[in-house]
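Okay, so here's the structure we're looking at.
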Amino acid sequence: MENSEGVKIESTVVTEEPLISALDIALFVVIITVAYFWYFKRDKQSSSSEKKPYTIQPSSLSSIEQTSNSPFIKKLKSTGRSLVVFYGSQTGTAEEFAGRIAKEGARYKMKGMVADPEECDMADLVEMKEIQKSLAIFCIATYGEGDPTDNAMDFYEWLQNGDADLEGLNYAVFGLGNKTYEHYNEIAIYIDQRLEELGATRVHEIGLGDDDANIEDDFVSWKEKLWESVCSHYGIEETGEESNIRQYKLVDCSEVLPERIFSGEISRLKSYENQRFPFDVKNPYLSKIAVNRELHKSGDRSCMHIEFDIDGSKMRYDTGDHVAVYPKSSSELVDKIGELLNADLDAVFSLLNTDEESSKKHPFPCPCTYRTALTYYLDITSNPRTHIMKELIEYASDPKDQEKLKLMASSTPEGKKEFHEWILRDNRNIVHILEDLPSVKPDLDHLCELLPRLQCRYYSISSSPKVYPKSIHITAVLVNYTTPTNRVNKGVATNLLAQLIPTNDELPQPTIPIYIRRSQFRLPPKSQTPIIMIGPGTGLAPFRGFIQERDYARKEGREIGEMVLYFGCRKKDEDFIYENELQEYVANGTLTKLHLAFSRDQPEKKYVTHLLEQNADELWNIIGEKSGHLYVCGDARSMAKDVHSIIVKVVMEKGQMTNGQALNYVKKMEQQKRYSADVWS
């Protein structure tokens, strides 16, 4: 027998027996019951594993630190706190500012805590109104091209997409930005406005810190006025207590077994001996240095081409990404601190938070030696901020040294002037301060508590994974300069990298911890799209990867669009980096045009911006008539701003637009990712 579709159907003889027996029914019920409980138990476990833990983390947490599963609002209530300071931080400054505000809250009868929004359910902000005289403060940095920091991304998206009723929430916002960037403090401004839109009450006007000028001064000035507003809003008075309260207490760890002592790992003990994928900011990959060669042909400056071996790491990167490098302080500076303070740098210690409710038990991985802390965990090369000056006062035995510290710690015009000149202009770090104020002898454990964490350094990747899937290339200028006090300051990362020279023998190759940070600096999806790249000096780095990727596509037989590169340096015979490579790309047709500016090879200075103005027709042809993409990489303070002005001018003239129309056109290019910048100040 066949059905209508021609499929054969077997005939069977049916007996009079029941189709389903009692045993079958019983088995069926058992199976359904087991499946039901299995499914819902699995679903519950899945949901709990995906939900973010309700934890409060007042600093950059590592996996060694204990976290709480309680919502931050519950912790506030259970510990009698009314002040919570959230931070959005990429380099640690916003986190540091948040800690200072929370600590000062005690002077105004507001017990505070610091919280990482990434580790909190920010929807609980609606419950802040249940706490009497409560206040939420946000120290928020703007990063990249107007982006939130990694740890504030979820909070930012929650504000954008949600419509929570925040009536009864009292708040204040301090933003950390840099005026050399186009999107100055964009995230903090948005958060400040959005909280008000959702019904929250602004206790004090937003503060905008400019890291290109003096962000410490901006913060201190805003903070003083903040507390005035707080006192007025809540009807409270300052207690006048100025005592420096330690956040951590010293614990002697001399009896701790050697295998339990940290030796430079970022979070997990022995993580460099037992590497585990995935690798990120808290779990970097210990990469071998495969290549380290000099790019400059002559002169007294140095530019290094360095290749990190990632073979076998499972790490993947895209052209345009950044690589983070974890540096370490020079042994010379570390030894100097030990000498100045007459301290045993090899003593093993731990710093334990005096606040038992805090989710951050230690300021950095503990236990460790003082030498390890100063080398791997603490920043001893940057300019200390005013709160450190204040904490050092009690350790000065000479009245003159004491008065100088008091002045610099004050917010008076004279104090700000002295701090700016003696610390910032003269570029003193903590070692220089201890040398120049010889009576100041702080306890080393207290100094370790005060100093900020040593941060990783980011470099634009100068290779394409299509061509170099097993290595990451960077292009880095060695940083060395003489300060007004005739001291030589050295870049903490580049000077370390300069020492890591691979050998040709069987000795272990030098290594350094790294991880990959994703970027929005991307080639167009279509290889046929024409592009213009503007990258003087080491701004060439990501474009080297762009060119490699397009060259790879060309060799595969795919059509590639025009590639125009603007590169500039001081002298052709001195610092024209990757010259042979670039000329080869021109010869084989991958690089359509190579515009070169050597600023000091002729009497008048000549920069890439001059060439850009001269080639207005070519510029408009690509970005205007062919809808191409334009990329800028390098100095944000002058070069990138000048390029932007030139682009607007060309769009006006060649596109026959008004100034306003040209600005809107360029703005639309940015929104469409046709105009991208990877810049630094």
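Glycine residues also receive a Cβ, built from the backbone N, Cα and C atoms like all the rest.
Features as listed in TrEMBL:
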| type | residues | note |
| --- | --- | --- |
| TRANSMEM | 20-39 | transmembrane segment |
| DOMAIN | 83-227 | domain 'Flavodoxin-like' |
| BINDING | 89-94, 141-144, 176-185, Asp211 | FMN binding site |
| DOMAIN | 282-524 | domain 'FAD-binding FR-type' |
| BINDING | Arg301, Thr538, Ser599, Arg600, Lys605, Lys606, Tyr607, Val608, Thr609, Asp642 | NADP(+) binding site |
| BINDING | Arg457, Tyr458, Tyr459, Ser460, Thr475, Ala476, Val477, Tyr481, Gly491, Val492, Ala493, Thr494, Trp680 | FAD binding site |
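Put simply, the two farthest-apart Cα atoms among Arg457, Tyr458, Tyr459, Ser460, Thr475, Ala476, Val477, Tyr481, Gly491, Val492, Ala493, Thr494, Trp680, the recorded binders of FAD, are 23 Å from each other. Neighbour density for Ala493 (FAD binding site): within 10 A of its CB lie 22 other CB atoms from the protein chains shown. Rounded to the nearest whole angstrom, the C-alpha distance between Tyr607 (NADP(+) binding site) and Ala141 (FMN binding site) is 32. Checked against Arg457 (FAD binding site) by C-alpha proximity, the binding-site residues Gly144, Arg301, Thr609 yield Gly144 as the nearest.
Mean pLDDT for the domain 'FAD-binding FR-type' (282-524) in this predicted model: 96. Note on the binding-site residues Ser89, Asn178, Ser599, Thr609: the fewest other CB atoms within 10 A surround the CB of Ser599. Gly144 (FMN binding site) and Thr609 (NADP(+) binding site) are 23 Å apart (CA-CA, integer value). Those residues noted as binding NADP(+) (Arg301, Thr538, Ser599, Arg600, Lys605, Lys606, Tyr607, Val608, Thr609, Asp642) have their most widely separated CA atoms at a distance of 26 Å. Counting Cβ atoms from all protein chains shown, Tyr181 (FMN binding site) has 24 others lying within 10 Å of its own Cβ. Between the binding-site residues Ala141, Val477, the minimum number of other C-beta atoms within 10 Å of a residue's C-beta occurs at Val477. Other C-beta atoms found within 10 angstroms of the C-beta of Tyr607 (NADP(+) binding site) number 16, with every protein chain shown included.
Sorting the binding-site residues Tyr184, Tyr459, Trp680 by the number of other Cβ atoms within 10 Å puts Tyr459 first. For Ser89 (FMN binding site), the spatially nearest entry among the binding-site residues Thr475, Val477, Ser599, Trp680 is Trp680, judged by CA separation. Of the recorded residues, Thr475 (FAD binding site) and Tyr184 (FMN binding site) place their C-alpha atoms 27 Å from one another. Rounded to a whole number, the C-alpha distance linking Ser599 (NADP(+) binding site) with Val477 (FAD binding site) is 18 angstrom. Around Gly144 (FMN binding site), the same-chain residues at least 6 positions away in sequence with a Cβ under 8 Å from its Cβ are Ser519, Gln520. There are 12 other Cβ atoms within 10 Å of the Cβ belonging to Arg301 (NADP(+) binding site).
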